[in-house]
Structures are given as structure tokens and as C-alpha cells.
Amino acid sequence: MRMLALHLAVLAGVAALQFVLPAYHHTNAARILVLATYAIGFNIAFGYTGLLSLGHALFFAGGMYATGLLVDQGGWQPWAALLAGPAAGGVLAAGVGLLALRTAGPAFMIVTLMFAQAFHLAILYWGRFTGGDEGFTLSGAARRLGPFDLADPATRYGAAFLLFAAAMLGCLALVRSRTGRVLIAVRENEERTRMLGYDPFRAKLLALVLSGLLSGAAGATYGLMFGYVGGSFAAIQYSILPLIWVLLGGAGTVLGPLLGTALLFYLIDWASSVTTASQFVVGAVLILLVLFAPRGLLGLLRERGLRSLP
Amino acid sequence: MNRETILHPTRRSLLAGGAAALTAATLPRFVQAQSSEPIRLGFQLHRTGIGAAYGRWYERTALAALKVVNEAGGIAGRPVEILFEDDATDPRRGAEGVEKLASQAKVDMIFGPLFSHVVIAAAPRAAELKIPYLVCSEGYHVASGKLNRWTLQPGITDVRAQVTAMAPWVTQNLGKKVTMIFPDYAFGHDHRDFFTEAVAAQGGEVVAQIAIPPTETSFTRYFPRIPRDTEVLYHVMVGPAVLTFVKELGEFYGSGAKPEIFGFIDSLEAVDIANPGLQFLEGSHFWEGQCRMLQPDASEAETFYRDAVGVDANGAAIEDPKNVSCYGHMFSVWETLFAIKQGMEACSWRGPQDRQAFVEAVEAFTEMPAGRERPQGAKVFNPKLHQVFGHQFISKLEGGKLVKVHETSLEDGIYPSDVDYLATSF
Amino acid sequence: MDFGPFLLLAVMEGLVGAAVLALTASGLSLVFGVLRVVNVAHGEFFMLGAVAAWFVSQWVPGPPALAFAVALVACPLLVAGLAALADRLVLKRLAYEPEATIIATIGLLYILQQAALTLYGPEARPVPPPFEARLQLPWFGWSGYKLFVIGAAGAVLAGLWLLLARSRIGLVMRATQIDRETATAFGIDVDRVYAGTFALGAALAAIAAVLIVPIQQAHYLMGGDPLLLSFIVVVIGGLGSLRGTLVAALLIGVSDGVISTFFEPTLAKILATLLVALVLVFRPQGLFGARA
């Protein structure tokens with residue numbers, strides 16, 4: 001109960017933030033919420049189920065392109081196209097999962113990486129439709145969900161918040177459910193889980209599909225919110241980023257993804273304002289952080305007392 | 001994190017060129033202005049990432065132009081500052097940078113980006129923030145109608161016009177059977193589509209199109225695809241692997257018969273043409289946005305610009321002859337700053353409330369004569385396309401020097417288009 | 001060009017790629033095998049080797065061959081020293097915890113990249129080859145230096161094999177790899193073995209870079225692809241199997257060239273990428289890995 005209250009308080013805080021933040025940080029917060037949703041999706045596979053994928057950009061960009069192409073070239077209504085995003089993420093994850101989950105550990109990392117790389121190359125290759133590396137912009141009409149215009153800052157924040165809140169509460173419900181405990185059991189000891197009568201393959205596939213679904217939803221929302229769909233979101237960098245966010249915040253924690261995403265975002269923002277050698281500062285801080293909290297910030301908190309943190 | 005440091009990025013303000021020294025007290029020229037409040041321009045800079053070689057010179061050119069502008073009394077009598085924001089040559093960071101410059105640093109307008117994916121990602125944000133966004137990107141994206149009313153390109157000709165202008169000379173002087181080698185992404189595809197079209201219009205033929213996958217570091221295996229009857233080899237490779245490309249091409253053909261070679265200087269921007277391995281290019285031709293090496297007939301404006309930026313006759317930094325500039329492109333930064341000055345003065349700029357008036361003032365541009373503001377040469381601005389059209393140069397590499405052999409006329413680059421930004425809303 | 005020579009050229013090009021990849025990947029494979037961590041900064045060690053070779057070529061007077069020889073010795077040593085330092089200062093303190101190591105080496109990657117950008121610059125710079133030679137075949141010309149690269153990489157790999165299979169150092173490394181506890185019990189200084197292996201892995205990447213840089217130029221972002229390709233090769237070959245790494249490098253290097261003769265280049269890359277995924281799907285332990 002106390003934990004539920006904590007998470008609701010965080011959500012309330014995030015919701016209230018929009019009224020006090022100046023314009024620049026207001027937009028940043030909206031970005032962070034959507035990217036944190038992506039991180040939550042990644043965390044379900046990686047943090048809770050132990051599936052270290054290096055190919056999540058496939059699901060994020062897959063959702064972004066599904067929505068973007070349908071609304072831009074398919075003539076779909078924006079809300080319908082928006083729903084196609086998570087669907088695409090989920091379907092792609094199911095497809096990848098059916099093949100990739102035959103492997104584990106480093107082989108799983110490579111297989112997921114390869115599928116994502118193939119997708120990235122395909123986006124460049126079929127540039128006539130996808131715009132290749134340049135991508136394409138979405139018109140104002142493509143970004144209006146009924147009466148809600150995603151180009152409007154307050155609406156955009158609201159949409160980002162709703163997406164994030166749904167993802168976070170969904171994640172919280174999942175990890176406290178029986179299914180969630182099976183996922184964690186698979187992470188801890190797959191053989192034992194099998195002997196207890198569960199099917200680890202099914203559990204892992206479920207985790208990956210949920211993960212892909214959230215990633216696709218985040219990608220689709222991001223595209224509509226900022227009016228741009230581009231190949232760089234399918235590049236390997238966008239598979240590595242959620243890993244960094246989740247590890248910084250604390251893998252296998254519900255709030256870790258938000259914390260990690262916000263932390264890295266503002267770390268880069270701050271570093272580039274104090275020095276032109278900003279990557280140096282970012283690198284050094286990452287190393288210091290990991291020396292100080294090898295299991296992420298919330299992982300540290302969990303070790304230092306807050307054991308019940310989900 | 002300390003909220004204070006986020007909201008007050010003092011270090012960045014210090015990057016504002018020579019503006020700090022230019023207070024109204026020390027420079028009486030500013031006194032007559034109604035307001036001596038500095039005009040603040042944001043510059044979206046490829047400081048890191050794949051565009052960093054360009055970024056370094058774009059920054060240098062911007063600071064040189066800034067100095068000239070301020071020494072001549074600024075814009076409408078007000079001093080000018082430039083705030084540089086790194087975008088890591090990444091589309092997401094680019095969009096964030098536009099927000100940061102507009103909302104946090106509260107600049108009056110933003111200019112400077114080159115890489116087209118950054119421009120295309122950031123342009124919608126500029127339009128939402130209703131801030132003029134003047135890009136220095138030669139891709140065919142402003143003129144194609146993909147962007148918006150707030151995005152303008154008054155400093156450099158787009159790639160469609162460049163290749164259209166050049167095709168007649170290539171087919172008449174080098175050959176009619178062309179093989180194209182280009183990177184397999186949007187920039188290369190623009191070349192592929194428009195040059196093929198332009199060559200066909202001249203009665204020539206593109207006999208093969210060889211698209212090289214991005215991130216490729218070795219090229220020899222693609223050369224056998226070049227048909228034997230190729231008369232002209234057209235290359236637009238970009239990125240760090242370009243030298244490899246040229247060297248391997250040289251090894252492949254050796255001293256035997258080879259086609260004429262025509263390339264875009266994009267391949268060799270920031271690269272010393274005297275590098276070992278580049279001898280193979282001797283006798284080949286290049287498109288140049290502006291002639292890197294000082295030509296005998298260079299205008300006074302050109303030498304003035306060259307000196308102001310600190311570039312020697314070979315196109316390298318005066319202080320370091322090995323540090324070669326991006327001379328074929330960076331004039332766009334200089335000319336864009338002067339276009340901003342012209343536009344601001346035309347709309348009697350007071351502050352951000354005049355941003356729309358500024359765009360309309362630029363849309364009133366037509367003839368843009370040569371001069372110190374435009375050292376690359378005269379241009380014509382097409383308001384409907386938000387795009388400028390200028391002269392293009394073809395140079396031949398002779399004895400390690402790039403020698404100008406042809407200058408296209410302004411009309412050569414004009415292509416039909418039904419894009420009309422004037423009909424779109426702000 | 002006829003298909004025969006076309007294929008020959010593709011295979012020869014593939015062999016150069018494979019030789020350099022084998023060297024780079026063997027470094028990653030050693031680190032992976034002994035320390036059980038993924039070194040994300042491995043590609044940056046490769047980049048540092050190339051950048052350092054450029055500096056050497058500027059500072060060492062005389063014929064290019066001399067500068068090349070100096071670079072071939074000095075650059076790997078320098079990079080190995082840096083790697084050992086990173087191991088002592090960071091990785092050891094993290095107890096080689098795999099996830100923390102990923103973050104730490106990503107941090108290292110950022111630092112090394114920025115250092116190269118600041119001290120060396122954003123341009124791609126060429127390094128002269130030790131000798132100029134061009135091979136003229138009946139159908140096309142080819143760089144003689146590329147032949148040398150294949151030979152030199154082969155020699156270094158043979159030396160590495162001797163080191164691992166025949167020397168005491170190799171024995172100690174293998175013992176640590178198989179069972180850390182027992183190795184400690186036998187008086188092996190595991191910390192030193194780890195630092196040494198990490199340094200050796202980085203040095204191999206640097207050697208590969210010094211060999212390739214006369215063909216490819218040094219650039220501060222050049223580390224990305226070698227890292228990815230090495231990682232793929234190590235896993236396809238089978239974790240902990242150096243032989244597997246070598247075979248996989250050869251397979252991937254050559255097949256990449258050959259596939260590209262049949263399809264449009266980018267399409268060929270897409271197919272090759274999917275092929276790697278499928279190989280692992282049907283043989284998750286890799287070509288030479290023991291079944292888990």
C-alpha cells in the first residue's frame with residue numbers, strides 16, 4: 001500500500017510539474033516522459049525478465065514508422081494510426097521473440113541487434129517511402145487527435161503524461177501480479193521455473209511482446225508529438241539508450257526508468273552548457289555513477305533499506 | 001541537479017563571439033539606435049557527431065561574419081551576439097537545441113544547420129515556436145515543400161538546382177554516358193534522381209547507378225559494377241571514408257584507360273587535396289559551391305571574406321596549412337548572417353514580436369547582388385520556394401590545384417516547381 | 001567485368017576485411033572469455049590505435065616504413081597501457097559485474113571519443129602506407145599493401161595462438177578463464193591476469209587499426225563498426241573459442257563481399273545481417289561453442 005502511495009505521489013508530482021516548469025523544461029519533461037515509457041518497456045524485458053536486447057530500436061522505430069507512414073501516406077486518422085504504433089511494436093516483438101528466444105545471453109543480444117540493424121538498413125534502402133535518413137515531417141492535421149492538437153504544449157504534456165502514467169501503473173500492476181512473479185523467477189532461475197510447472201518460453205515471449213508494445217507506443221507518440229519520423233531513431237544508438245537509462249535508474253524497478261531517463265537527459269543538457277567537450281563530462285559522470293551505484297540509483301536505495309521497492 | 005545551473009547557462013553566453021567587447025559605450029556607432037539591447041542569434045552547430053568537420057568551420061565563419069557585422073554597426077545599430085548550441089549532428093538533439101535556443105536562451109532567430117536530417121527534424125519545432133529558422137543545408141528539402149513557412153534557405157543553392165545547372169556542362173564536355181556512385185541514403189538519392197533527369201534532358205544517359213551502403217569503409221568490390229562504356233564517373237561520396245574511395249578507385253584503374261571523373265567537393269571538404277593517394281584525381285573535375293583555391297579573377301569581396309575567416313589561398317587555415325576548410329559550403333553561413341541583417345533591417349526589427357514580419361521581409365527578397373555580403377556571388381531568391389539560387393563552379397584539378405573552368409549562370413539551375421510556401425499559414 | 005574476376009576481387013577484398021576483423025575480434029574474445037564482460041569501449045581502443053598511428057606518422061621523420069614500424073610497436077603499447085589503467089581504476093572496483101561494466105565502458109567510450117575529437121579533430125586523416133605497390137591483374141588493379149595486411153594479421157594471430165597455447169601466460173589465462181577460484185588457490189594473481197588480458201585485448205584492436213589505417217584513414221568515430229562486427233564474430237564463433245572467432249571472422253568477412261556481388265549493395269547488407277541472426281537462431285551456441 002505504501003508503495004502504491006509512493007508511485008501515485010510521483011505521478012501527481014509529474015502532473016503538477018507542468019504548471020511550474022518554464023517553457024524549455026516543460027517540453028523537455030514531455031520528451032522525458034515519452035522516452036521513459038520506452039525505458040519502462042525495455043525494463044520489462046531486461047530488468048524483470050533478464051532479457052538483454054540490443055535491438056529495441058526496432059520496436060520504438062517500428063511504432064514510429066507504422067503510425068507516421070499510415071497517417072502521412074496511408075490516409076489514416078491520427079488516432080487510428082496512433083493505435084497502430086503499439087500494435088506494430090507488439091507484432092514485431094512477437095516475431096523477433098519467436099526466433100530470438102531460442103537463444104539466450106550474448107546470442108540473444110546479437111540476434112536482436114541484427115534484426116534491428118536490418119530494419120534500419122531497410123529504412124535507408126526504401127527511402128522513397130520512408131524518407132531514408134532524412135525522414136519526413138508530419139503535417140499539422142496529422143497531429144490532431146480529434147479536438148486535441150499535439151503541437152500545443154499543454155496538450156502535448158498531457159498526452160505524454162497519460163502515456164507514461166498508463167505505462168508505469170501497468171508495469172507496477174504487472175510486477176505485483178502472479179505473471180510478474182513468474183517473469184522475475186525466469187530471470188533468477190529459468191530451470192527452476194520450468195520445474196515448478198511454468199513455461200519460461202511463454203513467459204519470456206509475453207514479456208518481450210509487452211515490452212515491444214510499450215516501445216512502439218512510445219515511438220508512435222514521439223513521432224506525432226514532435227512531428228518528425230526519421231531513420232536515426234532506428235539506429236543502434238536508440239537500442240543502447242534505454243539500456244543506459246534503465247541501468248542508471250535501476251534495472252528491475254518501476255521508477256528507475258523515469259529517473260535514469262531524466263538524469264541522462266539533463267546530464268547531457270548540463271554538460272553541453274558548461275563545456276564544449278561535453279561528452280567527456282557525460283562519460284566521467286557515468287563512470288562515477290556506476291562506481292557509486294553499480295545497480296543504479298534505485299538499486300542502491302533498495303540495498304540501503306527500501307527493500308520492498310518494486 | 002542544481003536548478004540554477006540549468007536556467008542560467010552562463011558559459012554558453014560567453015561564447016557569444018566578440019559581442020562582449022562591443023558595448024555601446026566603447027563603440028559610439030551604436031548610440032543612434034533606439035535600443036542598444038543586443039540582438040541574439042542562435043546557431044545550431046554540428047560540434048560533435050559525424051558533421052563535426054563542417055561544424056568547426058561553420059563556427060569559425062559565423063564568428064568572422066559576426067565580427068564584420070558588429071564592426072560595421074551591428075544590425076540596425078544594435079550589437080549582435082551568437083549563441084552556439086551543439087546538436088551532435090543528431091535529429092532529436094537538433095530539435096531539442098531549437099527549443100533550448102528559442103525558449104531558454106530566448107534568441108531572436110536560429111540559423112546554421114547543414115545536415116538535412118537535423119534540419120527536417122528541427123523545422124517542425126521551429127514552426128511551432130514561431131521562430132525563423134534559416135538553414136545552410138544544401139539538400140532538396142526546403143525547396144521541395146516538405147518544410148514550413150518559418151524555414152528559409154537564403155544562403156546556399158539546393159542540390160537539385162546544383163545538379164541541374166551542372167549537367168549540361170558535364171554532358172557537353174566530359175561525356176554522355178554517365179555512371180553515378182553515391183551513398184545509399186537521402187542525400188545520394190537526391191543526386192541520383194535529379195542528375196539522372198538532368199542528363200536525360202541533355203540527351204545523355206546514366207548507364208549505371210551504384211548505391212553504396214552507409215557506413216561502408218571499403219569500396220573496391222563495387223568498382224566492377226562500373227560499365228566498360230562509361231564515359232563519365234560521377235561521385236558524391238561523403239563522410240570519413242571518402243579518401244579510401246578515391247585511393248581504391250586509383251588502384252583499381254591504375255595508369256590504364258579510365259573514364260572522366262566528375263565529383264562533388266562534398267567528398268573532399270576539410271580534406272587536403274595534396275594528401276598521398278589523391279594523385280589519382282589529377283585531371284578530374286569537381287563541383288564547388290565556391291572555389292576553395294584563390295582564383296586569379298577572384299573578386300574583392302571574395303578576398304575580403306577569405307581574409308576575414310582566416311583562410312589562405314589554398315583554402316586552409318592561415319595558422320595551419322594542414323587544416324583545410326569546408327570552403328565549398330561555409331560561405332552559406334556568412335551569407336545567411338547578412339541575409340538576417342538585411343531582413344531585420346527591412347522589417348525594422350524591434351524584437352521577437354517582429355518574427356513574422358521578418359519572414360515576410362525575407363520573402364520580399366528577389367535579386368541578391370554580389371558584394372561583401374555575398375562573397376560567393378549574386379543570387380536570386382525565390383520566395384515561393386524559400387530557396388536561393390546562385391552560381392555554381394566547376395573546377396579541374398591541375399598540378400594539385402583546383403582551377404575554375406566553368407561558372408554556371410543563374411538560369412542554369414532553375415527547375416519547374418509548384419511549391420508555394422506563401423500560400424501556407426504561419 | 002566478367003563474373004569470375006568480379007568474384008575474385010570480392011573474395012580478396014573480403015580477406016582483407018576478415019584479417020583485420022579477426023585481429024580486433026580476437027581481442028574482444030579474450031576479454032569476453034577471461035573476464036566475462038562485454039567491453040563496449042573496444043572499438044574506441046581500435047580508434048585510438050589508428051589516431052595514435054597518425055600522430056606517429058607526423059612525428060617520426062624518414063621514410064613512411066620507419067614511422068609505420070614505430071607505430072606498430074608504440075601504438076598497441078600505449079593503448080594497452082590505457083586499457084590496463086581503466087581496468088585498475090574502474091572495472092576492478094566494479095568486480096567485473098557485467099551490467100555495471102557495460103555502463104562503465106560506455107562512459108569510457110564517451111571519454112575516449114571526446115579526447116580524440118578535442119586533441120585530434122573531426123577530420124579523417126590519412127596515414128601513408130609503409131610502401132607503395134600496386135598489383136596489376138589482367139582484369140583489375142589491386143593494392144599490394146592489402147596483401148601485406150593479410151599476411152601481417154596472420155602472423156600476429158599465429159603469435160597470439162602460440163602465446164595462448166604454448167606459453168605460461170596462456171596457461172595462466174586459460175586457468176583463470178576456466179575456474180577463477182582454483183586459479184587463485186594455485187597462487188595466480190587474478191587481478192594481474194585480468195588487467196593483462198584487458199590490455200592484451202585492447203592491444204590487438206590497436207594492432208588491427210595500425211594495419212588498416214593506411215587503407216582507411218583515422219577518424220574519431222571509426223570505432224563503432226569494428227565493435228559491432230567483432231561482437232558479432234565473437235558470438236557467432238562461440239564464446240571463449242578463439243578458433244571459432246577466427247573462422248567466424250573469415251566467414252563473415254568473405255561472405256559479406258561475395259553476397260554483395262549478387263545483390264544491390266544495401267540489399268546485400270540487409271540479407272547478410274539477417275543471415276547472421278538466423279545462424280544464431282539455429283545454432284545459439286555459435287559455430288564452435290559448447291552447448292550450454
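Placement of Cβ uses the backbone N, Cα and C atoms for every residue, glycine included.
The transmembrane segment annotation in TrEMBL covers C:6-35 (among others).
Beyond the ends of the transmembrane segment (C:42-60), by six or more residues, the same chain brings 24, 27-28, 31, 66-68, 70-71, 74-76, 78-79, 82-83, 108-109, 112-113, 116, 120, 125, 127-128, 201-202, 205-210, 212-213, 216-228, 230 to within a C-beta distance below 8 angstroms of the stretch. What TrEMBL records for C:42-60 (among others) is transmembrane segment.
Residues 41, 45, 48-49, 52-53, 56-57, 59-60, 104, 108, 127-130, 194-196, 198-207, 209-211, 214 of the same chain lie 6+ residues outside the transmembrane segment (C:66-90) yet bring a C-beta within less than 8 angstroms of a C-beta in it. Annotation source TrEMBL lists transmembrane segment at C:66-90 (among others).
Annotated transmembrane segment per TrEMBL: C:102-122 (among others), in sequence order.
Non-local neighbours of the transmembrane segment (C:142-164) in the same chain are 9, 12, 15-16, 19-20, 22-23, 26, 129-135, 170, 173-174, 204, 207-208, 211-212, 214-215, 242, 246; each lies 6+ residues outside the stretch with a CB under 8 Å from one of its CB atoms. Summarising the annotation, TrEMBL assigns transmembrane segment to C:142-164 (among others).
Per TrEMBL, transmembrane segment is recorded for C:193-215 (among others).
Under the heading transmembrane segment, TrEMBL lists C:227-254 (among others).
The transmembrane segment annotation in TrEMBL covers C:266-282 (among others).
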When you scan the chain for residues with a C-beta under 8 Å from the transmembrane segment (C:6-35), skipping those not six or more beyond its ends, what do you find? 42, 45-46, 91, 96, 137, 139-140, 142, 146, 149-150, 153-154, 156-157, 160, 173, 176-177, 193-194, 197-198, 200-205, 207-209, 211-212, 215, 226-227, 229-231, 233-234, 237, 239-242, 245-246, 248-250, 252-258, 260-261
